[in-house]
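Novice: Marked as active site, charge relay system by TrEMBL: LYS130, SER206. Residues or ranges marked as active site, acyl-ester intermediate by TrEMBL: SER230. What TrEMBL lists as substrate binding site is LEU180, SER206, ILE227, GLY228, GLY229, SER230. Positions annotated as domain 'Amidase' by TrEMBL: 74-536.
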Amino acid sequence: MIELQDVAARKRKEREAKLSAYRKGRIYVPSDHDAIDLSQYPLSKLTETERIIVHCDATAIVDLIRKRVYTAQEVLRAFVKVAVAAQDVTNCLSEVFLDEAFHQASKLDQYLENTGNVIGPLHGLPVSIKDHIKIKGLDTSSGYLGWAYKTVADSDALLVEILRNAGAILYVKTQSPQTLLSLETDNNVFGKTINPFNRNLTPGGSSGGEGALIACHGSPMGVGTDIGGSVRIPAAHCGLYGLKGSVARLPHSGLLGSHDGMDAIVGCVGPLTRSARDLELFCRVMLDAEPWLNEPPLLEMPWKRGVANGEGLPDKLAIAILFDDGVVTPHPPITQALNKYKHALARAGHDVIEWQAVDHQHGWDLITKLYLLDGGAEYHETIRAGGESEVPQTEWILKHAQGRDPYTPAEIFKLNLEREAFRSKALAHWNATQQRTVSGRPVDAILCPVAPTLAPPHNTTSWWGYTSHWNLLDLPGVAFPVDRFTATASATYPPLPHSRNDLENFIHSQWNPTTYDNTPVCLQLVGRRHNEEKLLAMLNVLEKVFKENAV
């Protein structure tokens, strides 16, 4: 029997052994004092062709393979080369199965050569997978020492099955945090994942391994999950696109985590990508497979490709902008990005109003109760059984239930009623915006921060409200990149307002431009429930407007 204290060492040694055969031209990894920005190191040993490949988005890659410009093996080789180096600089990987991936790439190339056809819409596309999503035959430790070697999957998650049938090549699983209930990525199995753009900062979580890997160009498309911001936060902190849909839209079966069976608040599978169109590609592949025939909770809602491409959108959108949720005013680079979008939308003739925040602190207080109905008992028990300690962000979230007993069934019923009342109030608030728009229509979407800060220093994430609020309301949200922040001595920033609470005071005390140097600036667009297609169509409009009208 494996001694618990040896589990982490064994897992890391096995990971290194599987990577070792693919370490030709291994890069020099700078020490803590040599460099802050590590994002270019994984690209340093690529050939010119490999560099071109890894800078393509997923949509372009599948098209180039279909046209036989590149083979699946050439594409995989380029991304593997970067992924191995990305692991060296960010610690983003968990399970590695590269030999199997190259075998699959060879089969796909042979199929295309023999038939002249691709096997599916993702033929030859490398896709990375978050650790707690099951892949048959692979360990699914999900950030818990006590689960390592005891949770080898006996079947694929439904989304993995769909990806395989579409021709995707799975090759690595990526780091997730202890408990998964964290917006950073740290565990006692593989350690902490860092942000490639600034090693002193977090890549976010809980899909932080995906964020770091894709930001390094080590994957063209990754799959994460989101119950409080766990797709959108890593996307924002790593300068990517990330979509959280509404519950019951995308396949979600075949995941392993604590609180399986709890449905007071439910997570969602979502893609992280380098382009907006790749989000649409992922959703289309998932829903064209009719997953509701295999997963009962899913709604039978086929993907409406025309809507995703803009059919039915009004000529001029009505957009509400949330500048401040009433709890924590965001740091200046985020407010500046919102204002740039506000002015660009107005110049293009779109209807722009300010979103009036409603009950965001109450929303956070409610969703933490729903997260921790048992008072955190299962998390504590799992950690204790693994003989490990709580990492800092686990300790932080579990303190939200400290000192209280698990809720009784009667109390849970009341919390569910409170959740539905909260959603009804928010829906009425959205509908009431028709009284303030020029068109007399309710707003089409809400533009808002993803977080109150850019990627923060490790172990300091302390406000989820700009993402978890939309999980509580079950509204789809998409994070998207705007800019890269550069700390310059000559820049001036407006002063932050007087702090309204201790939390805001702490987050405002973090504001120092040099802390966040070189980090991505991202925003979030939120749409109506189960309107993922329209949300992505509106994102296309907003990005086009910004490109044409930003000053």
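Cβ from N, Cα, C; glycine included.
Whatever TrEMBL says is automated annotation, not expert-curated.
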Novice: Round to the nearest Å and give the CA-to-CA distance linking GLY229 (substrate binding site) with LYS130 (active site, charge relay system).
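Specialist: LYS130 (active site, charge relay system) has its Cα 15 Å from the Cα of GLY229 (substrate binding site).
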Novice: In the same chain, which residues outside the set LEU180, SER206, ILE227, GLY228, GLY229, SER230 have their CB within 8 A of the centroid of the CB atoms that define the substrate site?
Specialist: LEU181, SER182, LEU183, GLY205, SER207, THR225, ASP226, VAL231, ILE233, GLY267
Novice: By a simple count, how many Cβ atoms lie within 10 Å of the Cβ of GLY228 (substrate binding site), its own Cβ left out?
Specialist: 28
Novice: Out of LYS130, LEU180, SER206, point to the one nearest the residue listed as 'active site, acyl-ester intermediate' in space (Cα versus Cα); all of them are recorded positions in the record.
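Specialist: With Cα distances computed to the residue listed as 'active site, acyl-ester intermediate', the winner among LYS130, LEU180, SER206 is SER206.
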Novice: Check the binding-site residues LEU180, ILE227 for other C-beta atoms within 10 angstroms of each C-beta and report the one with the most.
Specialist: LEU180
Novice: The domain 'Amidase' (74-536): mean pLDDT?
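Specialist: Residues in the domain 'Amidase' (74-536) carry a mean pLDDT of 98 in this prediction.
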Novice: List the same-chain residues at least 6 positions away in sequence whose Cβ sits under 8 Å from the Cβ of SER206 (active site, charge relay system), in sequence order, or say none.
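Specialist: When sequence neighbours closer than 6 are ignored, SER206 (active site, charge relay system) has LYS130, SER176, PRO177, LEU180, LEU181, SER182, LEU183, THR185, GLY224, THR225, SER230, PRO234 within Cβ distance under 8 Å.
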